[in-house]
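A.B. asks: One structure, pasted below without further comment.
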Amino acid sequence: MSFTLVYEIPEIPILFTFTSYFFLLNIAENIATTVLNAGIIGSLVTGIIYGPEAANILPASAEETFLVVGYIGLLLIVFEAGLTTDMTVLRRNFPLSCMAAFVGIAMPIALSMLLLAVGYHYSSLQAFAAGAALSSTSLGTTLSLLTPETKQTRIGVVILSAALFDDIVGLVIASVIEKLASSAFTWDSVVRPILVSVAFILATYLLAFLPTLIPALKFTKMIAHLWAIVLVLSGYVAGAKYAGTSELLGAYLAGVLVMQLAPTQEAHKDDTTEAGSLPNPLAAFEHYMLPVQQTLLSPLFFASIGAALPMSSLGSVNGSSQVVWRGIVYAVLMFISKLAVGVVVWIWPDSENGRGWMGRSHVQSASAPPISLQPMVPVTSTPMRGAILAGLAMVARGEIALIVAQLGRSILERDGGEAFAVVIWAILVDTVGGALGVGLLLKIWK
């Protein structure tokens, strides 16, 4: 049956509902930014209030639309991270990023098995599903809190890459849990996302040489960079999703690739144009896309997370309120599990500039201290500060954790459904706590 849209003037209640929602999103974000230096808390709370689990003000169709529009905001946040990533710093610290990601995945799963299976007497499958959900990191939350200068430091790059790896592995585990819930597990569901992710990374590395082979690809017009952003981002996101890996990885790699199309100063050293005024993808993104991302798309994304939280199940399950203290205890344990990433960052050797405990020892034994070319910001000015920031930045869970929890909901709701509510408690507390921690840390140490 074909659908015909009839244009009608919206009713006043609908107009006021949408107007108040958009207005309060930005007001709440500005207040949270001023007080806590964590604007996303304002959007999250607004989404909870307007969502179906609280006041239920927005129509269901609007919630579904805002979820889609908000996810576009997440893709743009991740894409911007790819644009601003210092590839030299990323390559130099790739082993550290892998180790940080491994600890960030292994610790939540191990501690979940310990507390939920042994302490709360949930089944081992429920404990694993809970640990898988809490092993992820909210990439959108992390990127929204870090300043542009921090993202380009060693600590910022490690946080970004480790969070991205955690989300990719989290989605792989989610597919396994979904198959386990339906008793249709196959090794293809595990191996394929990993191989596809590796293939996308290698393909991006090879495509980065295209401007060298085809000089015409070195765009010098702002509008050309905008077209490159739209085409490459759309292609990478769609390709990643249909190939079997995370569209967030596709968005990040698209940003990395597009930035390689930027003209270098050496390529224009004979031009009359000043090198500093040459257009590049980042400038095009900031000019055309960043304003709408910051004022609309990003707030809608975090509000959609708040609206998706099943708040009604957090107070009582089957007439018992023990889910409250169990959820809080589990949330604290999951908070600590991600802080372990900071320990890895602190002890990891960085012989080039003496950052990190083992790196400091190495440099002290050298005849002359090396000069660091990395941007220095106050929050990463000492190894301890950088380690604390890295640990706190990995705490927030958010979107991927909710996806994994929903995929494993049929498992978590067995034997009364308390396990699912405990997981939601941990996601909520850690997302808010992690965002507050990073925001206050950046505010104190700025």
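Cβ coordinates come from backbone N, Cα and C, glycine included.
Keep in mind the model is a prediction, meaning the values are calculated, not measured.
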A.B. asks: Of 35-53, 358-376, which range does TrEMBL call transmembrane segment?
C.D. replies: 35-53
A.B. asks: Which sequence-distant residues neighbour the transmembrane segment (189-210)? Criterion: at least 6 residues beyond either end, Cβ under 8 Å.
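C.D. replies: The answer is 168, 171-172, 175-176, 179, 217, 236, 239-240, 243-246, 249-250, 253, 256-257, 260-261.
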A.B. asks: Is it true that the transmembrane segment (158-177) and the transmembrane segment (386-407) have 3 or more CB pairs under 8 Å, sequence gap of 6 or more?
C.D. replies: yes
A.B. asks: Pairs of Cβ atoms less than 8 Å apart decide it: which stretch in 35-53, 96-119, 125-146, 386-407, 419-442 has the most with the transmembrane segment (65-84)?
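C.D. replies: That would be 125-146.
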A.B. asks: Counting Cβ pairs under 8 Å that are 6 or more apart in sequence, does the total for the transmembrane segment (327-348) and the transmembrane segment (222-243) reach three or more?
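C.D. replies: The transmembrane segment (222-243) and the transmembrane segment (327-348): touching, no.
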A.B. asks: Which sequence-distant residues neighbour the transmembrane segment (386-407)? Criterion: at least 6 residues beyond either end, Cβ under 8 Å.
C.D. replies: 74, 100, 104, 129-130, 132-134, 136-142, 145-146, 150, 153-155, 158-159, 162-163, 166-167, 170-171, 173-175, 177-178, 181, 301, 305, 308-309, 334-335, 338-343, 345-346, 355, 379-380, 420, 423-424, 426-427, 430-431, 433-435, 437-438, 441
A.B. asks: Out of 96-119, 125-146, 222-243, 296-315, which stretch has the largest tally of CB pairs under 8 angstroms to the transmembrane segment (419-442)?
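C.D. replies: Counting Cβ pairs under 8 Å, the winner is 125-146.
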